Every structure is written in structure tokens, then in C-alpha cells.
Amino acid sequence: MTSISSRRLAKELMEIKNEGCPVGINLVQADDFSTWLFTIEVMGESLYQNEKFTLQFRFDQQYPISSPAVQFVVTEGRQAPVHPHVYSNGHICASILGNEWSPVLSVIAVCVTLQSMLASCKEKHRPVDNDRYVKHAPENPKKTRFHYDDDTV
Amino acid sequence: MSSDYEISDNEGDYYDSDEMMEDYQNDDQDEDDMEMDDYNDDFRINTGPKRKSYEVDYTSLSQSSVEESLKEDVDHICGILGVDPAVAALLLRHQGWNKESLIEKYMETPTKVLVDSGAAVPEPAREPIVRAHSVDRSAAGPSSRRAIRSNSKLLSSLTLPTRSSAQKSISSPAASASKFRKDAKSSEEPESFVCPICFDDSPELKPVALDCGHSACSGCWNAYTISKIRDEGEHCIRCMTEGCAIVAPDDFVHNILVSDAAPPGSDTNENLVAWTRFQELLVRSFVSSNSKLKFCPYPGCTNTVSCPSATSKSVLTTMVPIVSCGAKGIPRSANDKKPAPSSPSGITSLYDKEHVFCFGCPIESDHRPVVCGVARLWLKKCEDDSETANWIKSNTKECSKCQSTIEKNGGCNHMTCKKCKYEFCWVCMGPWSEHGTAWYSCNRYDEKGGIEARDAQSRSRASLERYLHYYNRWANHEQSAKLSVELYAKTEKKMEDMQITSDLTWIEVQFMKKAVEEVEKCRMTLKWTYAMAYYLARGNEKDLFEDNQRDLEKAVEDLSELLESPIETENIPVLRQKVTDKTVYVQKRNEIVLEDTATGFLDGRWKWNVSVDGFEDPAEEVRID
């Protein structure tokens, strides 16, 4: 099992290094096969112009069978985007990170999805239950059972 | 018109279930499991003319016999719809094992049903794949596709059932078994295969795909399948590709976990565990969607009970369907650390308790004689009320006007109800206005207002008192039944002592064990009679019921006392006689209570003082709360 996860991540990393990341996404740190960091910004017309966010991926031994734990970094002056599906602690409510995760998806695919999630945002505001959630949220966003109710953004 | 239809529908059901029962019994006899056979013999005696009115007809089924009837359903669907067994299984699972609704829906929109249940790829995506593998497909011929293409064939197979069954026998086992390998081979065509999951590209990699053609290596399929089954308890295993709704058929799961196709590096033990769990999940889903079946709720038990006579809600007002799955104790694995204490002669110890539960409600014990609705009502009340009621009783009073419960936590005796603003005296409960200028001292006991208020007070207290009366007796019997474990251990010791001090043999001292068992059983009955009595409407019927209850209770307490009494060598024969007599008597009394209550339910004799689901609402004058 260990071999699958590290081999797969090695392959993904190699592809990123050879072919580069899609526009607006940059690899910051991938020293091991447990935590990777990316920066992500939305290109073109959007509510998030000139804003740059840091995205953290954490992988367990079961990756890619089980989904990675993905969240925005909110320490050292970095902020999570103000978005109806992003909590102020950086946790993201997105179905592909939960029950719609498929082993065929990759780190870059997740980045691109989140990028387009930001790009299609019409109105900057926090999720309605932000305060309540952040107060009791587990450290790892995968431990939260999100209820996916909005397909539009 | 509609009622006619319903009747004929029911007849069909009965016929079906009878057939099923016979099959199960035959199946059980085939098994060389001695315990099972013994049990079946007991069961037959019970179902004979001697069956008591408080007992219910049921059959206990092992997991394999449920699998058997599951397979029958699948074969049935294969025959009617002309599809592969694997496809039929997927269809049934998606439709909650409801054959009638599946057939109906399939007749209307076969493609939609197939796609919805994950047995076929939706139209637009399907075409190119089929073309790409056309050579292979026509040879393997998964009949799911055949069924989609030709509706006419499907209809003809309906009108001519003989032909369809012949068709089925050709296409079924061989085709589905070979499909797995065929698929594997078909996607091996490209010269170098890279698994899209682990990105491995070594030449010995085996690509595997479902009907949708999304291949991955067998190692990834194996890991994925195990994680789905073990971590998510999921029996519906979808293709790994995002957005693909194809579900893996059972033979695919079998192959990927336990067969030659299972990846060489995988943990055989883990594979086997996952496969066993998968089968269990299937059976559970089958059982939970069939109202005639119920899974044994005891931890680790995989048996099922079939009780066709207790499926409708209305029948639960006339009977208490207490069943036993036939197994005893906790399964070995959970019991390994601490072997159950059993004496050398091999008597069944208390740890080997039968798995007794109620078929009609979630209560995991024998709640005879009281029916499910009332038992639930009582448990709910106890959960909510007992401790609270005790506290309320000793710490509060009610406002004599609006009956709000008030706790006095300080201040003077001049009370003003927060709710209705009524002013009264805490001591005499009379209206404060009558106190005039006699502030803060109440010496007006015999004032009219005060007396009335206290009357109201005591009336409202009476209902609490009444509840606590029943609750305390209920709890007492429950506690005593729990203590019976200790009593049992003590009794075993006594039995041994008796053998030493007297010339009685082991067989002859068994009367002690029998007595203990009987006491425990009767305490369970007694416990629930208090729940019943609490809700019974006042009247002759209730008086008779309580007479029976009292007789049983007296007998049980007498026997209990005898069991606790010290044993002296010289009076062992007397004791033995007494205990044996008393045991028989207690048994009789218990039977009378159960029998009388059960017939009462059948005759609709019992009336309640609250409204109970399925019963007539009580008349106003007997209502209690």
C-alpha cells in the first residue's frame, strides 16, 4: 500500500516538474510524500484579482484510494479566500474532496477544480455557518462530514 | 376494486413465503450442524398443535440459507427479464430487492433502470466503447446489452416462460464467470498499459475494467474494493473513474478479492475478510429490505429470522413476536480471551444465552406479555421520566392555578407564579389574598381555599406516585434478573456442594439450575407486566390481570427465597422436593399470565388509559395522563 501511494505521488510530481503546472498554480513545496503546498491565483476577470492563496495537500497511505486532505493555509499572514464554500480556518466544502473523490483524480485536477470554484464565484462571503463550524472544526477537514447542497459555485 | 387487488396480492405473498419456509427447512437438514438440527426439532414441536397462544411461528436461518433465497430471487429475475445473474443482482439491489417493482419499472424503461442501477453505461458514452470492443463483446455477450437492444425479445420471453428459462441457463454462470477475464483481456490490447491510479507501467501489470471500460491495474482495484467494503461498509462498489456510475457485479468483486485474478502482492487474509464482509453486507441489505426477515441484533451474529406472520403493523396489536435466531452466546472470536466458565459435565453456562429478540420492534429482549407499542411507550417514559420524576416529587410543588411545577429556591412564602401570576402561599398552597396582613406566617390550615389547593396538589402528585409505584417494581425485577448471573454462580457452587454432602448425582442436582432459570424467566415476564399494568385502563380486566401478576410474583419470590436458603445435609431431600414443586408451580403461573394476556390481545380485551398506536383511543374517564 505504501508503495502505491508513494509511487503514484512520485509520478504526479514528475509530471508537474516536466510539464509544469497550469496557469495560476505553482508548486511551492513537495519535499516528501505526506504534505505538499501550492499557491493558487485566479487568472483574468474575477472577484479574487491580485489575490494569492496557499493550498495544502496532506496524503495518507491509502492515497489515491482515499482522498487527500486539502485546505487553504491560514497561518503566517496567509488568508483563506472569502468564498461561500471556504471556511475562515481554510477548510473547503467541496464534494470532490469528500464523497465524490475518485482515485482517477490527481493533485493538479483538484487544484484546477478549486481554481474554477473561485473563478466562478459571484459574491464574496463566508459560509453561513462559518462561526459555528470553525469553533468546533476538527484539525483535519476529512473528518468533517460536509453536506453538499449547492452545485452552482 | 382496489381491495380485491390487495387480497390477490396477499395470497401471492403467502404462497411465496410458504415455499420459502420449506426450502429453508430442507436446507437446514442438509447441514450437519448438530445444534441446528436439535433446534429445528424443538421448533417443530413448537409449531405443532401444542404451540402456545403467546408463541409465534418463525424460522431461524443461517447466512447461507438467506444467500440461497437471495439467489432464488436473482434467478427468478434472470428468468423473467432475460438478463445475466450478475446484472439481475445489481438491478435487484438498486430496487431494494423488490421484484414486482423492478419488473414493472423494467418493462417501462429498461435502459433507464439498467443505467440507474449501475449495470449498464448510459447511451452516449456507451456507443464508442462498444464499437471499440465489438469483436470481444459479441463473443462474451453480456446479456445486459442484449436486453437493452431488443425489447421485443424481452416481451416474448415474458409470454413464453419456458423459452426464457432455457435462455437463462445458457447464458448464466459460464458467461458471467468468463466476463471478468474477457474484460481483462480486451483492455490488454494496447501494447503498454499505464494504470491511471498508481501510474505503474510494468509489463506484468493486469488491467481490469468493468463494462464501462475504465481500466486500472488489479492491485488498485483490490485496494479500492477493500477500502470500500471495510471502511465504508459499502456493497455497491462503483467504478473508480470520476462520474462513472457502473457498479461492480458480485463475481467481479469475488474475482478481485479471492481468486487467481487477485493481485499477487495483496494480503490473502485481508482479501478473505473483505470478501466475507461483502457477502454479509449483501445479505444484510437483502434482509433489511424484506419485511418477513430480520437480522439478529446480537453482536457478531449473522443469523436471520423469518417470521412471515408478524410483518404488518396491525398484527403487532394482537401478538408479541418474540423470536430466537437459534444461536447462543457470543461468537468465538469475541470470546477467545475469556473462555466461558462451564462445568466439566458440559452444562450450558449463562454466557451461552440464546439470542432472543422481538421481531416487531427494536427491543432486544423478550418483552412478553406486553405488545410492542405499549412496551415502547413505557421504555420511552422510563428514559425520560424516572429520575426526573423522583426529583420533582421531592423538590417541587405545583402552582394551584395553572399546575406549573415550581421549585422554591429562596425567599419568603409569598409566591407569585411566573406563568399565570397567581399569588399563593407556599406553605398552605392557598391564595395569598386570604392571608391578609398576616405576612410571612401561615397558620390558616383549615381555610377553604387552602384545602382546595392542597387537594389539587395531591391529585397531581398522585399520578407521579402512581408512575413511581410501577417503575420501582419494574426496575426491581430488572435488577434481580441481572443479579441472576451471580445467583447462577452461587447455585453452581451449591450444586457441587450438594453432590459432595449428599449421595445425589449430578443429574439429580440439576433441579437447582432449572429453578434459577425459571426464576429469571419469570422475572422478565413480571417486569413487563408492570409496564402493562401501568397503561391498563381500570376495570375488571385489569383486576384479573393484577391477580395473575400477584400470584406469579408471590410464587417467584417464594422460589427465590428457597434458592437462597442455606443447605443442610439432613434437609436436602426436603429442599429438593420443595424446589422442584415450586419450580413447576412457578412455570405454570408464568404460563397462565402469558397465555391469558396473549388471548386477551387476540380477543381485544385489553383497554389502555393512554392512546396506543393501533388501538382504539381510550374513553375519557379512564385517561390518566
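Glycine is no exception: its Cβ is also placed from the backbone N, Cα and C atoms.
Note that the coordinates shown come from a computational prediction; the quantities given were computed from them, not determined experimentally.
Of all ranges given (B:59-80, B:125-146, B:147-168, B:433-454), TrEMBL attaches the label region 'Disordered' to B:125-146. Taken through DSSP, the domain 'RING-type' (B:195-239) splits into 15 helix, 5 strand, 25 coil.
Looking just at the domain 'RING-type' (B:191-446), the mean pLDDT is 80.
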